[in-house]
Amino acid sequence: MDVKNKMVAESMSFYYDDYQALKNISIAFPENQVTALIGPSGCGKSTFLRCLNRMNDLVPKTRMSGRIMLGDLNIYNPKIDVVDLRKKIGMVFQKPNPFPKSIYDNIAYAPRIHGLVRTRQETDALVEDSLHKAGLWNEVKDRLNDLGTALSGGQQQRLCIARAIAMQPDVLLMDEPASALDPIATQKIEDLVLELKKRFTIIIVTHNMQQASRASDYTAFFYLGELIEFGKTDQIFTKPREKQTEDYITGRFG
């Protein structure tokens with residue numbers, strides 16, 4: 001079966017002032033698959049993830065070379081509208097960050113602003129659909145007017161996922177989305193990731209090796225700003241080609 005790539009980084013380097021945080025990264029992310037980015041703290045994986053929707057544009061004295069393509073679109077083309085780009089590439093952060101609004105408005109706010117919904121009926125349908133996809137609807141359907149911040153940590157994170165997918169992105173980026181959650185909530189997030197890949201291409205940063213092996217199709221190992229190895233998750237975890245990869249996933253360093 002031919003693999004279609006949704007997003008591709010080509011010879012990408014990234015600098016904080018004079019410090020080179022990422023060194024000549026080339027990687028392709030298959031469509032409707034989950035790719036896990038692993039590596040020790042400070043290896044560049046979260047910096048790389050933020051490059052994929054230009055979040056690092058907000059950081060002073062940074063620069064990037066190379067290309068990142070979303071389909072035929074070079075996302076660093078100066079003519080690109082970054083707000084429009086981030087509609088195509090959603091982001092879920094490590095710490096749940098619901099808006100201080102109702103559960104309903106957490107989902108409806110951005111689609112209203114961007115004109116994705118025009119009537120109350122359309123908005124209701126989008127809110128319900130997004131909460132269903134995030135596995136949260138049955139838990140909150142009778143209290144949509146409650147504050148999103150009143151939910152449990154795991155529910156807040158699924159609300160943030162629902163908020164991201166309400167914008168109907170092509171790609172969903174997740175930066176350690178379960179690291180602040182208990183094991184039960186973590187399992188729900190992992191199950192959700194496997195369900196969501198039917199509709200979205202997912203790129204997830206994780207420090208949890210078991211999570212990477214359970215919830216991803218492909219794995220990329222970063223070390224000191226370099227992409228050391230990339231391949232199917234089964235191969236990376238059972239027969240890694242590089243000794244550094246093997247040492248990391250077996251706990252010898254990192």
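In case you wondered, yes, glycine gets a Cβ from its N, Cα and C as well.
Per Swiss-Prot, these features apply:
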type	residues	note
BINDING	G39, P40, S41, G42, C43, G44, K45, S46	ATP binding site
DOMAIN	7-249	domain 'ABC transporter'
S46 (ATP binding site), number of other Cβ atoms within 10 Å: 19
Model confidence over the domain 'ABC transporter' (7-249), averaged pLDDT: 95
DSSP three-state assignment (helix, strand or coil) for K45 (ATP binding site): helix
Densest Cβ neighbourhood among G39, P40, G42, G44 (binding-site residues), 10 Å radius: G39
